[in-house]
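If you look up Swiss-Prot, you'll see 1-35, 48-73 marked as region 'Disordered'. Annotation source Swiss-Prot lists zinc finger at 162-212, 232-293, 320-351. Here Swiss-Prot flags CYS162, CYS165, CYS184, CYS187 as Zn(2+) 1 binding site, drawing on sequence analysis. Under the heading active site, Swiss-Prot lists CYS333, citing sequence analysis as support. Here Swiss-Prot flags CYS348, CYS351, HIS358, CYS365 as Zn(2+) 6 binding site, drawing on sequence analysis. Among the features that Swiss-Prot reports, coiled coil is placed at 409-425.
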Amino acid sequence: MDSDEGYNYEFDDEEEEEEEEEECSVDSGEEEAVDDSLELGEVELLDPAVAGGEPDDCADTGGGGPGPGQEDEDYRFEVLTTEQILQHMVECIRDVNEVIQNPATITRILLSHFNWDKEKLMERYFDGNLDKLFSECHVINPSKKPKTRPMSTRSSSQDLPCQICYLNYPNSYFTGLECGHKFCMQCWGDYLTTKIIEEGMGQTISCPAHNCDILVDDNTVMRLITDSKVKLKYQHLITNSFVECNRLLKWCPAPDCHHVVKVQYPDAKPVRCKCGRQFCFNCGENWHDPVKCKWLRKWIKKCDDDSETSNWIAANTKECPKCHVTIEKDGGCNHMVCRNQNCKAEFCWVCLGPWEPHGSAWYNCNRYNEDDAKAARDAQERSRAALQRYLFYCNRYMNHMQSLRFEHKLYAQVKQKMEEMQQHNMSWIEVQFLKKAVDVLCQCRSTLMFTYVFAFYLKKNNQSIIFENNQADLENATEVLSGYLERDISQDSLQDIKQKVQDKYRYCESRRRVLLQHVHEGYEKDLWEYIED
């Protein structure tokens with residue numbers, strides 16, 4: 001395929017030193033020999049709004065801690081833009097190409113096939129079976145590219161039909177891959193745009209010919225697509241593959257944020273993006289200390305499955321005493337027949353006992369003392385008790401989540417109060433206690449919210465009682481602090497406000513620290529036992 005002037009990996013020994021200072025990219029499928037230097041020709045195509053939301057100066061290249069109020073300040077990370085991720089990709093491709101000496105876009109496809117694991121690629125590359133390797137990666141071996149057949153005088157001078165749209169075009173309007181299948185430029189552009197925009201495909205776009213699995217290289221894509229938005233989307237798809245395969249990289253989960261967080265080692269630790277979103281690097285959810293990722297994932301799934309219907313189920317259904325399928329009573333008759341095709345049990349709605357002993361007295365159930373009916377009712381009660389337990393923790397979890405949303409709005413109110421205080425002979429530094437108090441309040445709300453997830457899966461023991469006492473103490477102090485900031489801030493004198501708020505937020509900080517330290521100590525000493533849901 002002809003090379004492109006744009007999104008291109010150029011290799012040139014004479015310009016190696018100059019190229020090292022320029023931005024780099026991912027390239028073509030050129031047949032020329034590959035040298036040492038690597039250049040990204042179209043980094044300028046990346047719109048900051050798409051690439052990362054901010055220009056390069058927004059990247060936290062010096063690393064960072066988890067943010068205010070968090071305990072682990074040794075977990076280093078940096079926030080990267082899409083341009084910087086692209087440069088990391090180019091460096092990875094350059095490292096491999098120093099050894100295998102292939103066109104850069106071919107190397108990119110090989111690396112993608114091995115999930116960007118350079119060691120695995122090298123091992124396979126030198127195991128002596130290159131033909132099999134390139135076949136598995138769906139590319140033509142660059143050292144064995146088929147010779148291009150010369151066009152006859154007749155075919156080169158006459159219009160030819162495209163095998164997709166069947167319109168006639170001059171031969172110069174056709175292009176294709178090393179597999180030899182050629183189509184018109186318009187069909188190529190439409191095909192690639194559909195694959196990228198509608199199907200979300202980037203690294204696995206194959207030749208449009210029937211039963212041809214040869215992959216389209218980056219240079220071909222960037223040459224044949226004219227819409228800059230489609231090019232940006234393609235670049236994002238390629239970089240997404242690189243990020244998803246790298247255990248040290250994670251996309252920021254905030255909507256419309258295209259930053260990537262890079263860490264020195266993967267762990268369930270808090271990281272903060274430049275957009276302000278703080279999340280757990282391990283699972284990508286909002287930072288959720290003290291509950292572990294495993295239990296939070298189970299909780300989120302349970303809430304998604306249960307929260308909207310649990311109240312209705314509790315009030316309107318019972319379980320089949322045989323197969324435990326949930327059954328709704330749709331008539332006045334108490335003679336129930338389970339509609340589970342593998343069950344078909346007949347039972348009494350009132351006592352949940354077998355229907356057969358009821359005889360003709362279906363309207364006047366007298367089986368309450370039967371052992372089998374009692375066992376069925378016991379099972380039903382256990383199910384209801386489990387549901388009530390879930391609702392207990394879910395309601396408190398959701399309540400703290402809602403309070404946290406409201407208290408984020410306190411910042412505007414507090415800012416206004418801080419300005420008023422500065423007009424009453426208080427310095428800017430002296431009024432910072434109010435912002436600090438709101439910070440602590442939000443941290444405590446977040447911690448309390450996740451303590452209910454932790455408690456839901458926690459088995460009762462002596463340590464769990466201590467945990468619940470710490471939880472209750474922190475919850476009470478948090479509510480008092482919330483009251484100070486929402487009501488007393490506009491009523492009390494300035495000195496009274498300052499003393500009350502400072503004392504309470506320091507106490508909240510202390511109790512939050514005690515609670516988290518106790519939970520972490522339990523993790524270290526294996527003190528916690530869990531209820532498998």
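Using the three backbone atoms N, Cα and C, a Cβ is placed for every residue, glycine included.
Projection of Swiss-Prot feature records onto the structure.
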residue : record                : Cβ within 10 Å
CYS162  : Zn(2+) 1 binding site : 18
CYS165  : Zn(2+) 1 binding site : 13
CYS184  : Zn(2+) 1 binding site : 22
CYS187  : Zn(2+) 1 binding site : 19
CYS333  : active site           : 11
CYS348  : Zn(2+) 6 binding site : 22
CYS351  : Zn(2+) 6 binding site : 21
Cβ within 8 Å of the mean position of the Cβ atoms of CYS162, CYS165, CYS184, CYS187: remaining residues of the chain near Zn(2+) 1: GLN163, ILE164, TYR166, LEU167, TYR169, PHE183, MET185, GLN186, TRP188
DSSP helix/strand/coil residue counts for the zinc finger (232-293): 15 helix, 14 strand, 33 coil
Rounded to the nearest Å - Cα separation of CYS351 (Zn(2+) 6 binding site) and CYS333 (active site): 13
Between CYS333 (active site) and CYS187 (Zn(2+) 1 binding site): CA-CA distance (Å): 66
Shortest C-alpha distance to CYS333 (active site) - which of the binding-site residues CYS162, CYS165, CYS348: CYS348
Residues of the zinc finger (320-351) by DSSP state, where helix covers H, G and I: 0 helix, 9 strand, 23 coil
Assigned element (helix, strand, coil) containing CYS165 (Zn(2+) 1 binding site), judged by DSSP: coil
Distance, CYS348 (Zn(2+) 6 binding site) to CYS162 (Zn(2+) 1 binding site) (CA atoms, angstrom): 72
DSSP three-state assignment for CYS187 (Zn(2+) 1 binding site): helix
Distance [Cα-Cα, Å, rounded] between CYS165 (Zn(2+) 1 binding site) and CYS348 (Zn(2+) 6 binding site): 68
Alpha-carbon spacing, CYS348 (Zn(2+) 6 binding site) to CYS184 (Zn(2+) 1 binding site), which is rounded to whole Å: 73
